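Visitor: There's a structure below that I have some questions on.
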Amino acid sequence: MAMQMQLEANADTSVEEESFGPQPISRLEQCGISANDVKKLEEAGFHTVEAVAYAPKKELINIKGISEAKADKILAEAAKLVPMGFTTATEFHQRRSEIIQITTGSKELDKLLQGGIETGSITEMFGEFRTGKTQICHTLAVTCQLPIDRGGGEGKAMYIDTEGTFRPERLLAVAERYGLSGSDVLDNVAYARGFNTDHQTQLLYQASAMMVESRYALLIVDSATALYRTDYSGRGELSARQMHLARFLRMLLRLADEFGVAVVITNQVVAQVDGAAMFTADPKKPIGGNIIAHASTTRLYLRKGRGETRICKVYDSPCLPEAEAMFAINADGVGDAKD
């Protein structure tokens, strides 16, 4: 009997070892959830067991054909497969030490970010036009494909473009700089143009389905807020806009948690025209208000320097000190500023 228990325990550990990373939703079928219900979950945009485990019960009940009793059972089974309880700070520290950072292409900028853009969290870059937001995004779309020992993420990139500023030629120039095959680099970037705020959110459901199929290291949304400025106007629609934006950012955070991808979003700025603006040296602030401020893990403020030089400042971060770094925009992507 003891021997049999030992064998079962070994089998369990081997299953656990195999299920490194997100688990496909089909795993729930082995736990007694009917194939029909699993199909309904998949159609509603749940492609992994983690997505189900992290979802509030209300969200599952809203799916046609899922009753409250079924939702309880599904959540109970998902919770068995996904560790969601307390853990010691030691274990968490160990997990944090395994987080990969993706190089930005500039040594100074990487030093400021203590290694590069962090995976598994949201990094927001905001600034005026011509401050290098889109150029950093293009460079990251290539560097995330590099091997880990070269500062990459060994994965594909996903690019959601809402402003029509994506240029594959820029990717080819960066690929040449790193000695990568141009055609392979372009094949590894999934591109989508977002046309309105609902479409932008819909693209994230497709993104989650694609992330189950193959390994992605980076998700870029450039810009996350541009369409919100045009789809919603005036104070009357402000609360509806913020609720929609909060839902979009929540989905981004869920993708970062589920798949461990680095999420990079760009944001626009608005000039402050109130009385306080007279007393601030730089009267610009990022749009999206507190909702976007709380959703982003790291916020970077970009501004122009002399010539091709740009300055990046850590505006808000849980662990990076408030400091600045200079970088340059070159023909082959983002690099270090020349003295």
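Quick reminder: no glycine exception, Cβ is built from N, Cα and C everywhere.
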Visitor: According to Swiss-Prot, which stretch among 165-180, 213-228, 245-260, 261-276 corresponds to the feature motif 'Nuclear export signal'?
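Guide: Matching range for motif 'Nuclear export signal': 245-260.
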Visitor: Taking the mean position of the Cβ atoms of Gly127, Glu128, Phe129, Arg130, Thr131, Gly132, Lys133, Thr134 as the ATP site, which residues outside that list, in the same chain, have a Cβ no more than 8 Å away, listed in sequence order?
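Guide: Going along the sequence, the neighbours appear as Leu302, Lys304, Arg310.
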Visitor: Measuring Cα to Cα, how far is Thr134 (ATP binding site) from Thr309 (phosphothreonine) in Å?
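Guide: Here the two Cα atoms lie 15 Å apart.
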Visitor: Let me know the most crowded of the recorded positions, choosing from Tyr54, Phe129 and counting other Cβ atoms within 10 Å.
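Guide: Most Cβ neighbours within 10 Å: Tyr54.
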Visitor: Could you tell me what the rest of the chain brings near the motif 'Nuclear export signal' (245-260), counting residues at least six beyond its ends with Cβ under 8 Å?
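Guide: Here the qualifying positions are 21-22, 48, 50-51, 54, 119-122, 197, 200-201, 204, 207-208, 211, 216, 219, 221, 224-225, 228, 288, 291-292, 295.
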